[in-house]
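This is the structure I want to talk about, given as C-alpha cells.
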Amino acid sequence: MSGWDTSPAPAAAEEGFTADSGFLQDPEMPTHDGEGTFNGISEENISRHANGGADDGGCRICGDTSHFARDCDQPRPANDGNCFNCGEPGHNKADCTNAAVEREFTGTCNACGEVGHRRSACPSAPAQKCNVCKEEGHMAADCSFNRMHAHYTDMGIKEVTAEEAWSMLESADKEKDISDIKHAMLTYAKAYPDVTFEELEQVFRDAEMNTYLIAKQQEVASTMTIVNLQGAKDQEFTVSTQFTNKPRRAAFAEGWPSTPEENMERLGKAGIPMDRHEQKCSNCNELGHGSKSCPEEKQENNKIVVTCANCSEDGHRARDCSAPRKTGKKGCRNCGSEEHIAKECPEPPNPENVECKNCGVMGHFSRDCPDRLPETCHNCLEEGHRSKDCNNQRVFVCRNCDQRGHVSRDCDKATDWSRVECTNCKEKGHSYKRCPNPAAAPAEEETAGGAGGDDW
C-alpha cells in the first residue's frame, strides 16, 4: 500500500520529538510568555468574556465588570442626556413630542472637512450637477436634455455608421445573445435617431429574424420613467426583448399583448425604463423634494414593537430580560415543565392543554371527540378498523362511475368530464391536453424572462 505513510513516528524526546509547550500548561491557567502572547495565543484573540463577565467596559447600568446589564439588579438610570430633537433632558428623540429646535452644528462638513457647518451651508462645496446631463445650474427634474442620449453615454455606445450597427444587430440575432442584441439596437438607434420600436419590430418580422420586441403592460416604480428611442419620457408600455411572440410562462403572460396587431400599436407608446434621478419624499411620497423640506404635515410612523424572545413580553429585549432564562428545550405540553416531554410526564393528562386533532377544540383528545366520524378502513371500506389492521381483500372504487370492483382506466362507461381536473389550470371539465389556458410555470423554475427572453 504505497499510498500510506509507513515511516515510524518518533517515540521519545531523545529521538528528536519535542512536545509543543502550549500543551504542557494547565489549560485553565494561561501564562504570559513575555512576548505579548498567552501560551502562543495573542492577547487580542483571547475572549474578553472568558471569565464569564462583561470585561469590555462592564455593565451598562452599574459599570461592574462581573456581569452584563441583563443580569444587573440595580435600577436603570433615567436618561441624563438631552433630546436631539428639542434639547430637553429626560427622553430620547424617538419619544419626543415637542417641535424640533435648531441647535448649533458641531460636526464636520463632509464636503470640505472643516468643523462647524454642514455640507448644505458649505461655502466651498462644489456646485450641484444635474444627474442627467451632468451640467450645473439645474436639477434632473428640470432638465430638457434627451434622456436617450444620456443613456447612450452611460451605456458606452460608440459612434458607428447605420450600416455597421445593423450588421452588429444581425450577427447578435443569429447568435441569440440578448445583451448583444440590446447593445446593437441602441447602437443602431444612435446612428439612425429617427428609428422607432415599431419600425424595428416590422423589419425583424419581414427579415424573419429571431428577435421579437414585445410591448408589455408593466408597472414601474415612481422613481423610474419609461423613455422611447427619441427621448420622450412617461411612456405607457415597457419593451421586452424575446425570441417568441407568445409567453412560455404563466407568470410572464400578465401584461402580454393578445395579438401582433395590438403589440405593434403598443410599441408606439413603449420604451425603456430609466431612473428619473429625482428625489422622493419619505413623508408624502411625492417626487421633487426630501422629507426635511416637505410642505406637508409630518406623518406618524408606526413604531416597531420589541418583543422579548425569552418571556414573550413587549417592551424589552431578551438581553435585558429579568425572567429566568429558557433552556431551549421544547418542554412538556401537559404540565409546561422543560425537564421532560409529554409522554414522560408524571402528572395526569390535563385536558385544558389538549387540542383535539379532529375538531380543533381545546379540552379533549381526538379519541374522545363527540364529533368524531366512524373509523373507516381505506382498504376494504368497512367500518371498525384501520387499513393497517385489515385482513380483507382490497376493494377498488372507480373514480369515473363510483362503482366498486375496478379502477377508472378499466371503466367501460363514458368519461365523466365533470369529474376530471386539469393538471395545468386546476379547473374541472377537461384534461391538460385540452386546456385552453397557457402552460403553468414549474414550481421551482419560474423565471421572469419567459423563453430565453429578457426585459429591457
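Yeah, the Cβs are placed from backbone N, Cα and C, and that goes for glycine too.
From a predicted model like this one, the values you see are computed outputs, not experimental measurements.
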Which of these ranges is annotated region 'Disordered' in TrEMBL: 353-378, 379-404, 431-456?
431-456
For which of the residue intervals 1-41, 247-287, 288-328 does TrEMBL record region 'Disordered'?
1-41
Would you kindly list the residues that approach the domain 'CCHC-type' (377-390) from elsewhere in its chain, counting only those six or more residues past its ends and only Cβ-Cβ distances under 8 Å?
397, 404
For the domain 'CCHC-type' (308-321), could you work out the same-chain residues 6 or more beyond its ends whose Cβ comes under 8 Å from its Cβ atoms?
68-70
